[in-house]
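Reviewing the structure listed below.
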Amino acid sequence: MVSPILLIALPLFFAFLIPLFKGAVKSIILILAFLINLTISILIFPYAIHKAIIVKIANFLPPVGINLFVGPVGITLSILISGIGLLGAIYLLKMEKTPPLNRFYALYLLMLLGATGMSLTGDIFNMFVFLEITTISAYGLTSYSKNEIGLEAGMKYLLIGSLGANLVLVGVILLYTTTGSLNMADIAMRINLVPKAVLTFAFILFFVGFGIEAELFPLNGWAPDALEGAPHSISILLSSVISKVGLYAFFRFIITVMGLTNVKDILIWFGIATLFIGELAALRQKSLKRLLAYSSIAQLGFIFSAISVGTSLAVRGALFHIVNHALLSGMMFLIAGSIIKDTNNWNIESLRGLGSKSRTLAFAFTIGALGTLGFPPLNGFWSKFMMILGMMKGKAIIPVYFILFASLIEAVYYLRLVYIVYFSKSEQSINRMPFAVAFPVIVVLILIFLLGFFPSLMNGMLTGGVKDVLNRSWYIMSVFGG
Amino acid sequence: MIFYIGSGLLIGIGLYGMLYKRNLIKIIIGLDFIETGVNILIISLCYVKGGTAPIFSLPSLKPSQMVDPLPQALVLTAIVIGVAVLAMALSIVVRIYDKRKTMDISKLKRLKW
Amino acid sequence: MKRLFAILFPLLIIIVFLYIMKNYIPFCVDRMVVAKHYLTEGLPETGSTNIVTSIVVLYRGFDTLGEVTVLFLAALGFGAILEGAKKKTKEIVASPIVRISTRYLFPFIIMFGVYIFLHGHLTPGGGFPGGVIIAAGILLMYLAYKDFRIDHTKFKITESLAGIIFVGIGLVGLAIYGSFLANFLPEGLPRQIFSAGIIPLIYIAIGFKVGSELGGLVGEGLEDKE
Amino acid sequence: MISSICAPSIYILIIVLVLFMSVGAIFALHLRDLLSAVIVMGVVDLIAAILFLILQAPDVAITQAAVGAGLTTAIFVIAIVRSTRKEK
């Protein structure tokens with residue numbers, strides 16, 4: 001079996017190499033890096049979903065050295081990151097023209113490297129370092145298009161994000177001084193040593209710090225701007241992958257490391273608020289990318305409240321929805337990006353006449369909208385169904401009503417978009433669909449239908465993933481029990 | 001305790017700067033103060049009464065007399081990360097000034113808060 | 001109103017924070033658990049006199065790799081965002097005193113930087129401050145001589161090579177001991193320059209990387225562009 | 001090397017340094033001239049380096065002096081040279 005450390009070491013190696021090259025070589029290196037990562041992740045996947053792989057670094061055992069925890073959720077996120085990264089890279093090779101491109105590619109690779117690191121690490125300070133790698137490259141990439149909207153969005157993201165990262169650092173150091181360790185499993189074992197007041201304070205710090213990354217309601221002011229202002233290829237990744245990794249880090253800290261179960265009721269309502277306000281804001285939007293951004297935030301709120309409920313069925317659905325939403329929202333942003341590029345119109349009116357001009361794109365857009373809404377038999381249906389059922393089992397009935405009502409709002413604006421796609425005429429011409437758009441869209445469509453018709457494909461990963469998220473003693477045993 | 005107060009003051013002043021000031025450079029100066037304050041906090045947490053620096057420069061030094069070395073290693077990382085964030089922020093500020101000829105956030109649509 | 005909020009809100013946070021620190025995490029108390037291991041075993045296990053260095057490079061070397069990456073990112077992003085920005089208009093004119101003293105100081109500054117990162121495992125300091133001191137020397141040259149230019153291509157190559165060497169050392173450890181960044185060289189005698197296994201190698205790589213990276217960053221910031 | 005931070009003379013020094021640091025920080029935020037503000041910020045970071053030295057962290061002190069105080073100030077100055085010195 002290959003060592004999972006290569007998932008982080010090799011992209012780093014390639015990222016150091018990319019700035020040296022001009023021309024086609026740098027694109028080949030970028031694609032190669034993602035292909036290698038995808039292959040390694042898939043090779044490791046069957047082992048990791050049954051028994052977490054602990055990788056020690058620098059030959060020191062966990063509490064002394066840093067270790068990687070390659071569990072079911074971590075490896076799934078890693079596959080998602082490298083897969084969507086690969087599709088995004090194919091898209092951006094053709095679509096992104098602003099110089100200096102070699103720096104752009106290196107930043108792109110490093111952002112996804114940071115996300116992989118966040119999902120695999122087993123050490124709280126290391127998590128902070130990878131969080132900074134991810135976010136600093138995201139700030140740079142968001143403002144990369146160097147127009148007003150991108151620069152201002154990048155600045156806003158930077159100010160809020162780095163404030164949050166500092167709060168995370170204070171939280172990390174509070175946990176370190178009270179437990180004397182930085183290893184997640186070690187802290188989880190000794191969390192009883194932490195005084196209640198310090199634990200509450202650290203919880204607030206982590207809530208704010210990671211809540212910013214996970215786009216939680218009062219803290220997500222940066223997200224619509226950043227998703228709108230970033231280059232199209234970056235919006236895809238910010239919405240589909242980076243936010244999921246933030247969510248993962250949040251629950252890794254709250255559930256596994258700090259073992260907080262009594263804050264569940266508060267967290268559910270934060271999730272519901274994120275969902276509801278996201279949907280309401282999306283209803284009013286005229287800008288296509290902004291609408292998709294709010295819709296993506298709302299879905300994150302849904303996932304958030306489902307994990308907060310904490311029944312195994314709800315978590316199962318949430319993990320499934322993480323995969324589904326990564327595919328769906330990535331595809332929607334990709335289509336939106338290519339349409340905006342063709343029509344040079346940021347408004348939702350740019351969708352007019354898409355149905356008659358490009359059937360594939362129109363079909364893919366419809367599938368994306370219906371999948372996000374949760375129409376059977378698309379993949380979104382199964383995950384949403386599981387989440388709602390799980391929440392009802394967890395005695396969270398009132399939130400379920402809110403969710404159903406929010407889905408109604410969601411249906412209104414998504415069906416309006418589909419209506420615009422098929423039933424309104426326009427004179428704008430859409431160019432022939434280039435390979436860079438067609439290939440990712442078709443791959444994602446195949447995956448969506450595959451997961452929609454055969455949701456049982458995910459069973460192994462979901463069963464392992466529920467254990468990974470909810471079972472603290474399993475986590476501790478995996479790290480220390482040999 | 002005086003170190004806690006010092007770091008708390010620095011963090012508070014930095015927060016005040018980030019919340020109240022309108023000039024982008026001033027806001028980033030506030031961010032720098034927060035980072036420095038957090039670093040002072042971390043280092044003061046690792047101090048042990050009567051401890052020496054964790055360097056065995058003389059064979060006579062005993063491990064039991066030393067301060068906690070781990071937070072010092074963390075702060076080394078945190079300082080460098082802080083500089084990286086500031087460099088990124090300032091490059092964006094220069095570009096914003098290029099485009100808009102202003103660094104006042106109340107004149108920038110998306111940065112208003 | 002806004003100002004009142006901006007004063008009261010941080011004040012509230014500080015008071016809560018100080019209250020918690022005062023009551024639950026008192027100052028001057030030995031709270032080490034894992035850190036005890038570094039202090040007692042650090043010297044025999046790694047051969048580094050400076051325990052902070054042994055933690056930075058070996059025990060938590062992965063963090064340092066991340067730290068190097070963050071700085072690399074910052075240099076990349078700084079250049080990428082500034083590319084195509086307008087020319088700067090102001091000129092800095094240095095006095096003859098600055099120019100002449102810089103000419104003689106420059107080699108010593110570079111030498112001092114190299115000294116700092118070579119002795120990282122023996123004395124305070126290490127790759128990062130050493131590299132920054134080298135970059136400071138380059139900054140001084142820029143300030144003193146208006147038409148001083150560095151060769152950006154060579155700096156970039158140095159930077160990338162140093163980064164690749166760091167990852168490469170880690171991969172050699174993976175190949176020999178099956179663990180990334182493992183120390184594959186002998187620890188040697190304490191308080192000697194040739195000791196502490198891979199620590200000096202990694203610090204040399206970091207020193208070169210940081211120096212060339214930040215030198216390039218300063219150059220990109222100060223040079224006039226079209 | 002400073003032996004103990006509990007000795008009265010050192011304690012007074014620390015109080016003076018913390019006071020200077022806080023006043024300097026407020027001062028830096030209120031100066032109209034951005035270049036002066038940045039220089040004062042560099043001084044505050046340098047005082048932090050002295051505090052690190054008092055707390056027996058020479059490694060951190062060197063890094064803070066070189067990276068935190070020196071390099072940060074240099075990057076700020078570059079940004080100000082390329083934009084404007086005035087706050088308004």
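Note that Cβ sites are derived from N, Cα and C of the backbone, with glycine treated the same way.
Where the annotation comes from TrEMBL, it is an automatic prediction and has not been curated.
Residues or ranges marked as transmembrane segment by TrEMBL: C:7-25 (among others).
The domain 'MrpA C-terminal/MbhE' (C:33-83) scores a mean pLDDT of 86 in the predicted structure. Residues or ranges marked as domain 'MrpA C-terminal/MbhE' in TrEMBL: C:33-83.
Annotation source TrEMBL lists transmembrane segment at C:64-83 (among others).
According to TrEMBL, the feature domain 'Na+/H+ antiporter MnhB subunit-related protein' maps to C:97-213.
Residues annotated as transmembrane segment in TrEMBL: C:104-122 (among others).
Under 8 Å from some Cβ of the transmembrane segment (C:128-145) lie the Cβ atoms of residues 67, 92, 94, 98-99, 102-103, 105-106, 109-110, 112-118, 120, 203, 206-211, 213-215, 217-219, 222, all in the same chain and six or more residues away from its ends. The feature transmembrane segment is assigned by TrEMBL to C:128-145 (among others).
What TrEMBL lists as transmembrane segment is C:157-180 (among others).
If you look up TrEMBL, you'll see C:192-210 (among others) marked as transmembrane segment.
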Within the domain 'Na+/H+ antiporter MnhB subunit-related protein' (C:97-213), residues counted as helix, strand or coil by DSSP: 81 helix, 0 strand, 36 coil
Residue distribution over DSSP helix, strand and coil in the domain 'MrpA C-terminal/MbhE' (C:33-83): 43 helix, 1 strand, 7 coil
